[in-house]
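S.K.: This is the structure I have questions about; it appears just below.
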Amino acid sequence: MPRDHQTNAATSTSSQQRSELDSIRRTTCTTCGTTVKRPSDLPRHMLTHAKNKEDFMFQCPFPECSHKTLQRSNLETHIRIHINARPLQCSVILSDGSRCDFATSDPSSLHRHKKRHETQDGQ
């Protein structure tokens, strides 16, 4: 068997061990008790408590839209709504052999949509 296909029990990490490591890495906000997945996420979270958080927010450039967000990626997702861009497409092949035609601008919407396919397949 090629070396890259061998598994080493001593170095492999079980899902339980990964879960334990994830819980160790989590950091809790001392202001509100929110837990963030990675310590590097805490500074971004702390902006939600800042008195001057408006100074850090990204404003939608479209006229008459007042949407603001603390994360550039959220603004990029929001802008896709204005321009009706739906670059994220479902990759699920349906039982009739056709591809699902769902498309969205929001990564979390695509994730929720794919979960529905999993639920339907499990019934």
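In case you wondered, yes, glycine gets a Cβ from its N, Cα and C as well.
If you look up TrEMBL, you'll see 7-18 marked as compositional bias 'Polar residues'. If you look up TrEMBL, you'll see 27-54, 58-87 marked as domain 'C2H2-type'. Annotated region 'Disordered' per TrEMBL: 1-25, 104-123, in sequence order.
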S.K.: Do any residues of this chain, six or more beyond the ends of the domain 'C2H2-type' (58-87), have a C-beta under 8 angstroms from a C-beta of it, and if so which?
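M.R.: Non-local partners: 44, 47-48, 103-107.
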S.K.: So what pLDDT does the domain 'C2H2-type' (27-54) average out to?
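M.R.: Its mean pLDDT is 88.
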